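Participant: Pulled these features from Swiss-Prot for this protein:
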BINDING   27, 28, 29, 30, 31, 32, 133  ATP binding site
BINDING   31  Mg(2+) binding site
BINDING   49, 73, 95, 152  substrate binding site
């Protein structure tokens with residue numbers, strides 16, 4: 001751990017931004033990378049979709065079936081607002097969480113935002129057999145992924161403090177790159 005005048009530099013950075021938030025489309029590795037990153041940073045890890053399921057007592061496909069996407073997004077907004085107020089958490093968001101402007105504000109205000117980018121083709125390879133993704137219950141899931149990416153990618157990019165590709169990378173390598181960037185940003189925070 002780096003130190004500056006006897007103070008942990010990470011502590012200085014945490015005061016500026018309490019959390020690390022992983023955003024990006026489904027299939028980028030937010031959950032896998034988030035767990036590893038939280039362990040490395042000694043932070044808690046929370047997957048916002050799993051938190052919604054825990055609070056609701058039902059899985060995401062059921063929520064979509066019964067309440068529709070609007071009902072799900074309302075639950076998601078509440079969870080994002082709560083998680084954003086916590087300290088020292090790595091948050092893996094659902095792919096569509098950043099579409100809501102209130103979620104963007106909450107996450108940005110209290111977190112260092114990492115956009116985990118992956119190609120649509122890689123997303124498709126990683127998600128094509130997963131039946132728990134309501135938005136991919138389609139005759140042509142690849143087209144759905146392309147459409148979602150065209151709408152959401154500009155948002156991911158606009159709120160990101162760091163953009164990192166997960167295509168053809170191992171999760172541990174992505175975590176190393178994120179930690180390296182966090183260390184560099186901590187040094188900038190101290191120098192100011």
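From the backbone N, Cα and C atoms, a Cβ is placed for every residue, glycine too.
Keep in mind that this is a model prediction, so the values were computed, not measured.
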Participant: Using C-alpha positions only, work out which of the binding-site residues 49, 73, 95, 152 is nearest to residue 28 (ATP binding site).
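Facilitator: Result: the closest of the binding-site residues to residue 28 (ATP binding site) is 95.
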Participant: Hey, what's the Cβ neighbour count for residue 49 (substrate binding site) at 10 Å?
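Facilitator: Around residue 49 (substrate binding site), other Cβ atoms within 10 Å: 23.
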Participant: When the Cα of residue 27 (ATP binding site) is compared with the Cα of each of the binding-site residues 49, 73, 95, 152, which one is closest?
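Facilitator: Comparing Cα positions, the candidate nearest residue 27 (ATP binding site) turns out to be 95.
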Participant: Which residues, in sequence order, are found in the same chain with Cβ within 8 Å of the centroid defined by the Cβ atoms of 49, 73, 95, 152 at the substrate site, excluding those residues themselves?
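Facilitator: Checked against the 8 Å cutoff, the neighbours are 26, 76, 93, 94, 96, 97, 98, 99.
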Participant: If you count Cβ atoms within 10 Å of the Cβ of residue 31 (ATP binding site), leaving out that atom itself, what do you get?
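Facilitator: Counting Cβ neighbours of residue 31 (ATP binding site) within 10 Å gives 15.
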Participant: Looking at substrate and its recorded binding residues 49, 73, 95, 152, figure out the farthest C-alpha pair and report it in angstrom, whole number.
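Facilitator: The widest Cα-Cα gap among those binding residues is 18 Å.
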Participant: Using Cβ atoms only, which residues of the same chain lie under 8 Å from residue 95 (substrate binding site) while being at least 6 residues apart in sequence?
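Facilitator: Listed in sequence order: 24, 25, 26, 148, 152.
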Participant: Just to verify a number: CA distance, residue 49 (substrate binding site) to residue 32 (ATP binding site), in angstrom, no decimals.
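Facilitator: So the Cα of residue 32 (ATP binding site) lies 14 Å away from that of residue 49 (substrate binding site).
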Participant: Counting other Cβ atoms within 10 Å, pick out the least crowded of the binding-site residues 28, 32.
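Facilitator: The binding-site residues 28, 32 were compared, and 32 has the fewest Cβ atoms within 10 Å.
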Participant: Let's check the environment of residue 30 (ATP binding site): how many other CB atoms sit within 10 Å of its CB?
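Facilitator: The answer is 27.
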Participant: Under DSSP, is residue 95 (substrate binding site) helix, strand or coil?
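Facilitator: The three-state answer is coil.
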Participant: For residue 30 (ATP binding site) and residue 73 (substrate binding site), what Cα-Cα distance in Å is obtained after rounding to a whole number?
Facilitator: 19
Participant: Hey, does DSSP put residue 31 (ATP binding site) in a helix, a strand, or just coil?
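Facilitator: Helix, per DSSP.
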